[in-house]
């Protein structure tokens, strides 16, 4: 047996050799083009070309572990990207078989060499290498993974670069402090001083992972490099640095946060490009969290105030979007004095985008206000702005507000809600934009807790009816999804009186998605109101549709039965539903007939064995001889699933 | 020395280039027209946020009536008057003020365009200030987040009645025979240019048209800013390619670059080559390529015409980024390849013919007939045909199998007949080679199938081998554990899993034991 394996092995090696030589020629013909103007590889790197691997392999003939690398070479050279991709994805298997030493000495240098490939292959490679530590021999050798990842971190394509950085961050944790200084940190430095922006961008993500575990001299160097990148010539690098500023601040000693980070933060926050400034806002959250309260006013607040009034709406948007985090980071005093007016301004901003972002934060902001002055601040400062937003010209602003406004009722309590908020809810329930109304309806539970839903029910009903008949089916779909919730809050009486008709009407909607959702809705209602309720109100109507001239409606009956049988229980299913289903097996339309088969399969488990044997079985057997092949198929399927054969 | 050509078109009457107002177009979809109506209503208002209390404008005397001694003073006053901004969202607000400013701007435009000796040094800062105040603003968020420049109507700038005149004034100012670059450069500085470039993201095509001409003039007249402008355009493009994929003015910037490339000195600087390879070629990956492809292809061809040695980089770059799923883009790529082949030097052609014709063969076998058709049209191009003929020995074997197969299989009759023509051409070119290939087609095909089978066998064999190995290793590991449990040292084989690899059997450090993998590699050889 082993002889055969060895023979195969030799054949493989020969083939790989052959191909390898050819591909080498191919690469020699156009190396410049393949690499475009990438920096030339060092002599040391080049020594690890295919030749080295091949000569090794030729010497070690007969060794089992040679197959994988032979295949790898072969497949990596394949013209089909998909095949190359496949072999990269099997890289760990191959490394495992090669053993740790040969992975380090042959596979990795080889991979480092092939880095000019298509981005898709490179992405897979970058990802694989992040999980390679054990395959190269554990933390002791993890630095062997750095050369290929370093090259990948300089690639043009963002996804590849980001993945390489992610992998580098991951393996940085597996470096010993010494290795971190000897191998990892020099890599970061090389990237940080690379001449093309891609490598400098990648470097930004690596400072914070090595900083905590290196000596103070190296720390100083790292800080210096980060400083340089924050004032880089290209906005791409400054953006990358700004986005990592918060993360870097977190690993720095407090003194350096004050001396280094604050000046960088201030500089980035007043960058000439708004895309950089807005990233500084994000960093602001982390920085403010790190500093003691007494330093915030002088070190952070001037910049934050400036950002909240930035001339670019993108920066103001970012402030609005991060408002709750900022609020927590700066604490209650500054919130009262500074953030309340700033928030008011954002709610009144001239750009709808900013107002919508701020409107989204209304509830969270109010919730997090210091308790002693919460109500007063809301009533005198926030509520007036909220009132204006209810009649905003932009529907996104209104719908953002509608999605959170109900939450204010729990904060303000019953009396304030009735007096101040209720009129706003009612106004939004009548809004011209369906999304606004939907958002109000979907959050009714908050109000229900505070004032009870009855206060709203008079306005609620017209709003629901209108949404239920909206011309856009997605709106109808959305309201159907809230029906079970509404039914629970409004109670069975109100439901029967006002909403039941709507729920039945959806069953004959001309859009399938609505009919399907309506079916599902019925099931949830039955779960809520019980089988008896179902028997009296829903089941007769559903079964009545079985005689409808439109076959789509007849099928809806079947779909409803599928959904309801379990919730209704054996009795109703056997006595009321089953006869209807069985009768429908004679339908003229094949679609109905095969749905009968599917329904029988579905409700079978609910029936007792007697009904199955005497009633279901003959019908399915008849359907199994139907002229239509789909009917036959589903009938047979039902027979086998129900074990009636 | 670099020189610049005049830009292809000058927007002397930009309103004519922007034709029918959208509302007058017939639109079958009521929803869209509704959306548009909404867009109309809500334009940018960022501009007015920081406007301090509105100043009441009073009409000044006409420039043409002013005595020469007071002319400059009056000109300056008018410039200052034009720094007041008006709210155009509210179309009835302050109509009087708007009219006064409009009239003043008109006068300024006319004066700068026609009279001599108006532009004296003290006016430069005032003029640039007036321009800056009016045009520099944060562009508003797009009304339509999924704005598709090909499908949707752009949001038009509400304050265009004034803005247009300001742009017109700026343009006349730059084009005036009295214009002194040495004075202007103090005010038209890097910061100014950067803000100007950001405006190219405007959704309003009329504005971008003006910006294009203006930037071109600035590039032409203020030599000190050239490198900076090129660098910032690079940054905009790189951001567009790798970060946002959104920038409305790519086509306009490329148009300017088209004429700049034309003026590059030879031999090309490294900076310019880098721009070609790292910016222009990757621009082909953009989703919205169709909007600026014509301008991009023009730039690429300009580069080739400047310096033929970049041909190989261009073709290999295009092949690297060849669209994999978007047939519409594939057709564009093929169009660009044809433009390139039209001017390619035969010596360069030989360097790229192999990968190129492999791709062309792949396109011919595309099930999308437009892609196949576009590729087959290459054979209607006489120059390309002559290149193919010269290199028939190389090219025919590359495409023959595809042509032969597709001629039998393609669903579209036009493609089939086009392929017959191509085959006929080849037959006439080199009948001997053609006959040989026809004769060996079946054999080759069988060989290919055999290779496929062998590959499959190979993998199967490997996987079996892998399984066996794993089994053996698991067993070995188990034995080893057993041995250890009995307190003996077992002979370690390669363990079954990476975890055990580390814990059970520490690898001896390779002799050269050093840090980098290169060191380890040397010790291995």
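Please read every residue number as a count from 1 along the shown chain.
Backbone N, Cα and C define each Cβ position, glycine as well.
Annotation comment: TrEMBL describes A:68-106 (among others) as repeat 'HEAT'.
Residues 45, 108-109, 111-112, 115, 119, 122-123, 125-127, 129-133, 136, 139, 190-191, 194, 196, 198-199, 201-202, 205-206, 209-210, 213-215, 218 of the same chain lie 6 or more positions beyond the ends of the repeat 'HEAT' (A:145-183) yet place their CB under 8 Å from a CB of it. Here TrEMBL flags A:145-183 (among others) as repeat 'HEAT'.
The domain 'Phosphatase 2A Regulatory Subunit A helical' feature in TrEMBL is assigned to A:145-326.
The repeat 'HEAT' annotation in TrEMBL covers A:222-260 (among others). According to DSSP, the repeat 'HEAT' (A:222-260) comprises 33 helix, 0 strand, 6 coil.
Same-chain residues lying 6+ beyond the ends of the repeat 'HEAT' (A:261-299) with a Cβ under 8 Å from its Cβ atoms: 226-227, 230-231, 235, 238-239, 241-243, 245-250, 252, 254, 306-307, 310, 312, 314-315, 317-319, 322, 325-326, 328-331, 333-334. As annotated by TrEMBL, repeat 'HEAT' applies to A:261-299 (among others).
Under the heading repeat 'HEAT', TrEMBL lists A:300-338 (among others). Here the repeat 'HEAT' (A:300-338) has long-range neighbours at 262, 265-266, 269-270, 274-275, 277-278, 280-282, 284-289, 291, 293, 345-346, 349, 351, 353-354, 357-358, 360-361, 364-365, 368-370, 373, 377, meaning same-chain residues at least 6 beyond its ends whose C-beta is under 8 angstroms from one of its own.
TrEMBL lists A:339-376 (among others) with the feature repeat 'HEAT'. Residues 305, 308-309, 313, 316-317, 319-321, 323-324, 326-328, 330, 332, 382, 385-386, 388-389, 392-394, 396-397, 400-401, 403-405, 407-408, 411-412, 416 of the same chain, all 6+ positions outside the repeat 'HEAT' (A:339-376), place their C-beta atoms under 8 angstroms from a C-beta of that stretch.
Long-range contacts of the repeat 'HEAT' (A:382-420) within its own chain (CB-CB distance under 8 A, at least 6 residues past either end) are made by residues 340, 343-344, 347-348, 352-353, 355-357, 359-367, 374-375, 427-428, 431, 433, 435-437, 439-440, 442-444, 446-447, 449-451, 455. Summarising the annotation, TrEMBL assigns repeat 'HEAT' to A:382-420 (among others).
What TrEMBL lists as repeat 'HEAT' is A:421-459 (among others). For the repeat 'HEAT' (A:421-459), the model's average pLDDT works out to 80.
When the repeat 'HEAT' (A:460-498) is classified with DSSP, helix, strand and coil residues number 35 helix, 0 strand, 4 coil. The repeat 'HEAT' feature in TrEMBL is assigned to A:460-498 (among others).
The repeat 'HEAT' annotation in TrEMBL covers A:538-576 (among others). Secondary structure of the repeat 'HEAT' (A:538-576) per DSSP (helix as H, G, I; strand as E, B; remaining residues coil): 36 helix, 0 strand, 3 coil.
Residues or ranges marked as repeat 'HEAT' in TrEMBL: A:577-615 (among others).
Annotation comment: TrEMBL describes A:616-645 (among others) as repeat 'HEAT'.
Note on the repeat 'HEAT' (A:145-183): DSSP counts are 30 helix, 0 strand, 9 coil. Sequence-remote contacts of a segment are chain residues at least 6 beyond its ends whose Cβ falls under 8 Å from one of its Cβ atoms, and for the repeat 'HEAT' (A:421-459) they are 386-387, 390-391, 395, 398-399, 401-410, 412-414, 466-467, 470, 472, 475, 478-479, 482, 485-486, 489-490, 494. According to DSSP, the secondary structure content of the repeat 'HEAT' (A:300-338) in residues is 33 helix, 0 strand, 6 coil. The DSSP breakdown of the repeat 'HEAT' (A:616-645) into helical (H, G, I), extended (E, B) and coil residues amounts to 21 helix, 0 strand, 9 coil. Taking Cβ pairs closer than 8 Å, the repeat 'HEAT' (A:616-645) reaches residues 578, 582, 585, 590, 593-598, 600-601, 604, 607 in its own chain, all 6 or more past its ends. Away from its own ends, the repeat 'HEAT' (A:222-260) comes close to residues 185, 188-189, 192-193, 197, 200-205, 207-208, 210-212, 214, 267-268, 271, 273, 275-276, 279-280, 282-287, 290-291, 295, 299 of its chain (Cβ-Cβ under 8 Å, at least six residues beyond either end).
Per-class residue totals from DSSP over the repeat 'HEAT' (A:421-459), listed helix then strand then coil: 32 helix, 0 strand, 7 coil. Residue counts for the repeat 'HEAT' (A:339-376) under DSSP (helix as H, G, I; strand as E, B; rest coil) come to 30 helix, 0 strand, 8 coil.
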